[in-house]
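Below is one structure, written out as structure tokens, with a few remarks after it.
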There are 2 protein chains.
Amino acid sequence: MYDIIIIGAGTAGISAYKQAIKKTKNILMINEGPWDTTCARVGCMPSKVLISTANRMHDIQHAENVSLITQATIDTSKVMQHVHDLRDRFTRATLKDVESWDPQHKISGRATFIDKNTVLVNGNKYQAKSFIIAVGSKPAVNPKWKETLKDKLITSDEVFELETLPKSLAIVGSGVIAIELAQAMQRLGVETTVFARSRKIGSLSSPQLQVLAQNLISKELHIKFEILPDEVRRDGPSVSITYTEDHQQKNLKVDYLLLATGRTTHLGNLNLKNIDSSFEDVESLPINKQTKQLSDLPIFIVGDAFTNTPIQHEAAHEGKLAVNNCLNYPEVKNLKTLTPLGIMFSSPEMATVGQSYKQLKEQNIKFITGLVHYEKQGRAIVLGKNKGAIELYVDINTRKLLGAELLVESAEHLAHLLSWMISEELRIDDILQKPFYHPTLEEGIRTALKHARRQLDTIG
Amino acid sequence: MYDIIIIGAGTAGISAYKQAIKKTKNILMINEGPWDTTCARVGCMPSKVLISTANRMHDIQHAENVSLITQATIDTSKVMQHVHDLRDRFTRATLKDVESWDPQHKISGRATFIDKNTVLVNGNKYQAKSFIIAVGSKPAVNPKWKETLKDKLITSDEVFELETLPKSLAIVGSGVIAIELAQAMQRLGVETTVFARSRKIGSLSSPQLQVLAQNLISKELHIKFEILPDEVRRDGPSVSITYTEDHQQKNLKVDYLLLATGRTTHLGNLNLKNIDSSFEDVESLPINKQTKQLSDLPIFIVGDAFTNTPIQHEAAHEGKLAVNNCLNYPEVKNLKTLTPLGIMFSSPEMATVGQSYKQLKEQNIKFITGLVHYEKQGRAIVLGKNKGAIELYVDINTRKLLGAELLVESAEHLAHLLSWMISEELRIDDILQKPFYHPTLEEGIRTALKHARRQLDTIG
């Protein structure tokens, strides 16, 4: 009987293994499919490569912002070769890591539970005192559409496999992955149309920033808000999409239809119902959000397999911390949660740190909003990227920074700064004592902090 | 008799005025020359505009890094028009601010001291209980060379005035301003040669990072290390420079010679010797570095007029805090110092935060260095900017982060993050508990923190 069996060798599983091996050699990793991560193969990394090239293209085409005249041509097979090259480099790094592990610790195949201590893999039984389940998720697919469109319906699992970029593309969805991909494709010369169920795009919950984001991103990207396809069908090599707009039936013909409407957990593959018949419906499993424990069992479910917000660094964090709960079972502790930090690599980038506007409202927390617009911000003007805004949410009583939402160039950096400040539980008065170099985008944060302080001083 | 007379309406003086006006209306500002700031007119801002355009040009010409093929042409009169337009926009903002002040509070002209409470301006005497001196500095000029070269010898005061960019340029100096300008000019197609007294370039004090910086920046910029011109003379419309290299006398012909060999204080204009004859030599005034007080007088000298490291946000900070010392005189307090944060907008950017390598060595503080190279850093590879490194300096006993030196893309952002952590006096173990989003350049900081931790754990 193993001390721990880890199911799934993605980000969370690998992180769990690396932590577990420090404590016990009596462990087993079971993995179905490739021994690398969603992140490196079909997630964060290839998407960032595509976005990086797309943004460079955009910077070239809009160099008049900084007084240059330019021309660029895209060889889209070269772009996709570049995506493949770097993706392979990143997956190789992960695989090399896994290859260094004791071969006795690794089995390829699908694990299904027989009882709470036993799984079946390729016809063999394996037993453990505890399990870490890190099976991840896959993009949701409309099965009818898939049957109709076959290889012309793609998701983030397939898009990075393309040899060249299509001439035209429709994307269903307006969340993080949908908008990141849509904007990149459009910037790379792919005629891209987005069908969005609602008006919300990306990750921001602030109504004001949402409107700003919708306006900014719509300027360069064709988004059909509150419209979904009525019907899709193949038309020779193309996809024909019928939809209703302004009470009229319309048609759009594109090379591919890309679905980015969320992700589905792989938990359904595990036959958890053999442990408890109530586990049949994997969408409503009794998983403790703080401990990640399944019911009162020595089973912990981490990473994308059970989350609404798949974020790589949180998956790694959960995988690592679940090991202690496995080894100390039945003594189970809350996993120490990280200060929330979510980044979307759109242009401008979006980010949410600490508590979002929506979360604060839902909890009826009394806060004021410090706002800065970047249209007239010095450093942003110099860079030719003076767009967007930041909202800081400040507790009225404690004057502490509770959260922030960002829609701005380099939000990836400003979001780290703000989330680290939030984790130190600093008051805005303390943050205003920090050095702000001139000229930087960070000075915009100071503007927002001062805006918040003026409001607090008026109230106080 | 005024409560405070402020001499000099630059960044430090304006900041002092804005703070003083909250406490007393009985103040006077005396300013010689334009009522805007070195920063906005001939410093941070126009240089950042030129650098921004230069970096965009570089990104266009090296778009093969991200698999694109491109072409760009430079209309250098357009580039300089862009520099002028934005510079004017930034100086207008400052002027507008100053114009809103009570006209009775402002006099144009040179102030010279008659005694410790009295200055003479345009033949009139003005008296105050205390003075804030914020007269700033100007680029050092070799007077012989100036006489010989006339308008072909320029400094940062003149370079942004050019209508078009020269075809060729020699720069003497290898400090922050010299390298920022040289790299920008080279990237904008100006054939640029740098004469450097030493091997040191830019702001970094770490020997390892210096070598890396010299190698990286030399790749695109012709730097003659440890060589200064022997003689300069005019040759028709050109400048002819004679210098000795490899024991041979050589000659270089360029359109302009730009001096960036440091800055000279304007304190010499003030006739301080009328207060005390020992104040004749303004280079060795008895100024307290903590309080900025001149001797035991009610005179405080702030900003670039008295500093080795002219940094805009520190000038503003000093101007603001000196007001309290004026009003409370003779009770004088140390100005609260900000966590050091210096950024150089080269490519890669350089930054120094907290205590530098050199400062720590000079104080014999026991520290270890956490190092990360960015050649193989995921996010840097994705951006096509995988160069440089970061060193973190960690106290061996307390495990606190003491300082850092950076040579990396987006150092301007990473430096804020690190300096704010240093100001919170965090141990590296605390910083490792922060969220690091994937994939970001911030993950490189985690690598360096872990490198430091491994060393500490080995020692400990």
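Yeah, the Cβs are placed from backbone N, Cα and C, and that goes for glycine too.
Listed by TrEMBL as binding NAD(+) are A:Gly173, A:Ser174, A:Gly175, A:Val176, A:Ile177, A:Ala178, A:Ile179, A:Glu180; the candidate from A:Gly109, A:Gly262, A:Gly268 that the record includes in that site is A:Gly262. Note: TrEMBL links A:Cys39 through a disulfide bond to A:Cys44 (candidates: A:Cys44, A:Cys326). Take the mean position of the Cβ atoms of A:Gly173, A:Ser174, A:Gly175, A:Val176, A:Ile177, A:Ala178, A:Ile179, A:Glu180, A:Gly262, the recorded NAD(+) site; other residues of that chain with a Cβ within 8 Å of it are A:Leu181, A:Ala182, A:Ile201, A:Gly202, A:Ala260. Mean model confidence for the domain 'FAD/NAD(P)-binding' (A:2-317) is a pLDDT of 97. It is A:Cys39 that, of the disulfide-bonded residues A:Cys39, A:Cys44, has its Cβ surrounded by the most other Cβ atoms within 10 Å. Neighbour counts were taken at the CB atom with a 10 A radius for the binding-site residues A:Gly173, A:Gly175, A:Gly262; the maximum falls on A:Gly173. In this entry, A:Gly173, A:Ser174, A:Gly175, A:Val176, A:Ile177, A:Ala178, A:Ile179, A:Glu180, A:Gly262 make up the residues listed for NAD(+), with the farthest two CA atoms of the set 14 Å from each other. Distance from the CA of A:Lys48 (FAD binding site) to the CA of A:Cys39 (disulfide bond) is 10 Å. Among the recorded positions A:Cys39, A:Cys44, A:Lys48, A:Ile179, A:His438, the ones with a Cβ under 8 Å from a Cβ of chain B are A:Cys39, A:Cys44, A:Lys48, A:His438. When the binding-site residues A:Ile177, A:Ile179 are compared by the number of other CB atoms within 10 angstroms of each CB, A:Ile177 has the fewest.
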